[in-house]
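If you check TrEMBL, you get these features:
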type	residues	note
TRANSMEM	21-41	transmembrane segment
TRANSMEM	53-77	transmembrane segment
TRANSMEM	89-112	transmembrane segment
DISULFID	CYS150-CYS179	disulfide bond
DISULFID	CYS151-CYS168	disulfide bond
TRANSMEM	205-231	transmembrane segment
Amino acid sequence: MAMGGAMDSCGRCMKISLVAMNILTFLGGVLALGIGVWIWVSRSFPSTLMSNNMFIASVAVVVAMGAAVMILSFLGCCGAAKEVKCMLLTYYILVFIIFVVMLVGGILLFVFRVKVLSTLEREMHASIPNYGTRREYTRAWDETQTKLQCCGVKSYKDWNDNVPDSCCVEVYPGQRRDCKYSQNPTTMYMDGCFNKTVDLLREDAAYVGTVAVVVALIMVLALIFSCGLFVKIE
């Protein structure tokens, strides 16, 4: 009888722990979704200057997984609270699949980070002739130079004699200094965009990577507790 009581106590502990893990997982999903959307909306402006779509793909994985984790954590809470074996089994399988997808997304982000550092400078140089002729490149360069306060790839000299207005120092929105014929630090952004873009991408990778690792660890614990609770439910 004492053994049964111990088992019941252990089962209740697993049940409470699984509910707690799912609450943490839900919060982690909210954080992953929020950071993914924030990066996608406000910090993806240099992505057009890269020939590959790995940046957008890796952020899309984070956004999708954040939303999926939020939904899944609700399923896990219901399965644990109601002690429904079928729901717990479904939860376990889906958590495992999402864990694998997040792992692949993390690897994709790592590959992107290595690849982009080796090709970004060349791709940025190659995109300069498209400025003024292709709308997406014109917008990407203008947003990159304005938001990062930079000009050209390494310096304003990359533009030769066609320095864009977005290289001129912005006094306030819509008003810039005249830097076409007076190229100095008071009128023009003198730093190149390559190093600043790399720093931005590294920062984004750090945000996404940290959230992915935290959520993945929570999901591993959720897997363990859900498996234990599944075994103990009669």
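Keep in mind that glycine also has a Cβ here, set from the backbone N, Cα and C atoms.
Shown here: features listed in TrEMBL, placed on the structure.
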| residue | record | CB count, 10 Å |
| --- | --- | --- |
| CYS150 | disulfide bond | 23 |
| CYS151 | disulfide bond | 28 |
| CYS168 | disulfide bond | 23 |
| CYS179 | disulfide bond | 20 |
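A Cα-Cα distance of 12 Å separates CYS151 (disulfide bond) from CYS179 (disulfide bond). Listed as Cβ neighbours of the transmembrane segment (53-77) (distance under 8 Å, sequence separation of 6 or more from its ends, same chain) are residues 18-19, 21-23, 25-26, 28-37, 39-40, 44, 47, 87-88, 90-91, 94-95, 98, 101-102, 104-105, 108-109, 111-112, 115-116, 201, 204, 208, 211-212, 215, 219, 222, 226. A gap of 5 Å separates the Cα atoms of CYS168 (disulfide bond) and CYS179 (disulfide bond).
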